[in-house]
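Data first, discussion second: the structure below is written as structure tokens.
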Amino acid sequence: MSETSEDEQTQLQTSDEEEDLGSEEEQEDEDNNHKEGDSEAALSGEDDKGSEDDAAEEQKLTWKDLGLNEALCQACDELKWKAPSKIQREAIPVALQGKDVIGLAETGSGKTGAFALPILHALLENPQRYFALVLTPTRELAFQIGEQFEALGSGIGIKCCVVVGGMDMVAQGLQLAKKPHIIIATPGRLVDHLENMKGFNLKAIKYLVMDEADRILNMDFEVELDKILKVLPRERRTFLFSATMTKKVKKLQRASLKDPVKVEVSNKYQTVEQLQQSYLFIPVKYKDVYLVHILNELAGNSFMIFCSTCNNTVKTALMLRALGLAAIPLHGQMSQNKRLAALNKFKAKNRSILISTDVASRGLDIPHVDVVVNFDIPTHSKDYIHRVGRTARAGRSGKAITLVSQYDIELYQRIEHLLGKQLTLYKCEEDEVMALQERVAEAQRTAKLELKDLEDTRGGHKRGGDTHDDSENFTGARKRMKPMGGTGGGGRKSFGKKNWSKGKQKR
């Protein structure tokens with residue numbers, strides 16, 4: 001056991017110089033991979049006919065054709081998974097042959113099913129506790145994967161345990177003591193249990209999955225991964241799934257996989273065809289005004305708005321709620337219970353606008369997002385792919401709008417270079433936008449007061465790591481200002497010009 005781990009640890013921690021090349025190396029990676037993608041597409045002759053052939057193949061193939069157990073085929077039917085997706089068609093047969101798999105696919109392509117179904121198939125053939133370990137970068141993704149395992153295994157008595165930070169360790173320890181079949185964990189909390197929970201080990205694990213592997217490594221979990229790899233048995237199957245293949249992921253592959261089969265069903269930086277991408281060039285001082293204009297123009301849709309900082313999500317949510325819009329924030333400084341509550345309200349359509357940091361840009365399955373707005377342009381161009389991947393999922397159409405200020409031009413050009421195409425300009429009338437300025441300015445002032453009240457009230461708690469409630473406690477703004485356009489809880493009605501003019505009247 002220790003011999004295995006030393007090899008893995010050595011491979012994972014070699015070539016420090018490679019790690020320190022920084023953003024220039026990453027940009028070079030993007031350039032090279034982009035060129036490779038173009039040449040591969042040209043050589044393979046990918047065109048509309050290829051898409052039609054893929055669609056025809058998808059209609060022909062069934063879950064049974066992939067070699068899955070009948071009980072799992074029935075579970076897929078009950079979940080209304082009509083046919084395997086491209087990544088599932090490619091990865092599942094390879095996994096069922098007992099081979100290690102590297103899966104590269106666009107977000108929203110069904111990666112979870114691609115590793116969950118082979119694991120459950122193997123578990124049915126060889127039932128045992130502590131059968132599989134799934135590592136994920138975020139708590140929300142861990143819970144989502146747990147839900148999918150339980151849904152697929154509901155008819156066969158599968159027991160899962162989700163082990164993440166922000167939750168009670170004692171309760172998690174009790175769950176682990178019951179020896180579940182599947183453990184879904186974030187690396188940091190799993191290491192806590194390995195080091196502190198008497199009698200808990202991973203010596204029996206048959207399957208290791210690293211989902212969103214590039215994100216795990218980008219979040220500086222290398223040390224935790226080393227510790228986990230040290231205690232895993234040599235004889236295991238390993239699945240590595242990622243949206244992108246970086247140098248760090250390649251090193252992890254060498255450290256943890258044996259003769260893997262690479263399954264890649266899309267170009268590295270491809271976005272789905274159903275996604276309409278556009279940009280809007282704006283003065284930074286009127287950023288909030290343009291955002292509100294977009295929400296007004298596209299009223300009736302569900303939105304995910306991405307901000308660069310936790311504080312920005314709170315300020316933007318307060319401002320929108322002051323206008324009567326059903327906005328709810330999601331960021332890394334919220335407690336786990338509040339993060340889950342925010343997600344669940346948005347998924348249940350009780351709130352139509354989710355304002356998030358990049359904590360929610362990867363892996364989460366929120367099927368009804370109609371529009372993604374990049375309020376703050378991402379610093380790393382690859383994060384753009386993951387943000388806009390929240391919409392246009394599972395064959396549905398969607399929109400992505402990026403706000404570009406005078407300070408964001410270089411970052412925006414990197415995104416276009418990465419995509420290999422220019423985005424279209426989102427058309428809007430400046431006069432209509434600026435008609436909202438006074439009302440938005442009033443909402444900004446109200447939001448600023450709200451934020452100060454919250455910080456004053458919760459100053460002590462904030463230092464403890466549990467910041468603003470970010471959802472239901474933003475009531476002061478609504479007391480001071482009348483909501484606009486009767487958006488109510490769902491935010492579905494447009495607050496047109498008539499309502500704006502009413503809002504300007506003295507109260």
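Including glycine, each Cβ sits where the backbone N, Cα and C put it.
Now, the feature entries from Swiss-Prot:
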{"type": "COMPBIAS", "residues": "1-31", "note": "compositional bias 'Acidic residues'"}
{"type": "REGION", "residues": "1-58", "note": "region 'Disordered'"}
{"type": "MOTIF", "residues": "61-89", "note": "motif 'Q motif'"}
{"type": "DOMAIN", "residues": "92-263", "note": "domain 'Helicase ATP-binding'"}
{"type": "BINDING", "residues": "Ala105, Glu106, Thr107, Gly108, Ser109, Gly110, Lys111, Thr112", "note": "ATP binding site"}
{"type": "MOTIF", "residues": "211-214", "note": "motif 'DEAD box'"}
{"type": "DOMAIN", "residues": "290-434", "note": "domain 'Helicase C-terminal'"}
{"type": "COMPBIAS", "residues": "451-471", "note": "compositional bias 'Basic and acidic residues'"}
{"type": "REGION", "residues": "451-507", "note": "region 'Disordered'"}
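Over the motif 'Q motif' (61-89) the predicted model carries a mean pLDDT of 93. Only residues 6 or more beyond the boundaries of the motif 'Q motif' (61-89), in the same chain, are considered here, and those with a CB under 8 A from a CB of the stretch are 54, 96, 103, 105, 109-111, 113-114, 117, 120-121, 124-125, 151-156, 263, 265-266. Shown for the domain 'Helicase C-terminal' (290-434): DSSP residue counts in helix, strand and coil, namely 60 helix, 25 strand, 60 coil. Other C-beta atoms found within 10 angstroms of the C-beta of Ala105 (ATP binding site) number 23, with every protein chain shown included. Counting every protein chain shown, the Cβ of Thr112 (ATP binding site) has 24 other Cβ atoms within 10 Å. Mapped onto DSSP classes, the motif 'Q motif' (61-89) shows 16 helix, 0 strand, 13 coil. Helix, strand and coil counts under DSSP for the motif 'DEAD box' (211-214) come to 2 helix, 0 strand, 2 coil. Residues within less than 8 Å, Cβ to Cβ, of Lys111 (ATP binding site) and separated from it by at least 6 positions along the same chain comprise Ile87, Gly103, Ala105, Asp211, Phe241.
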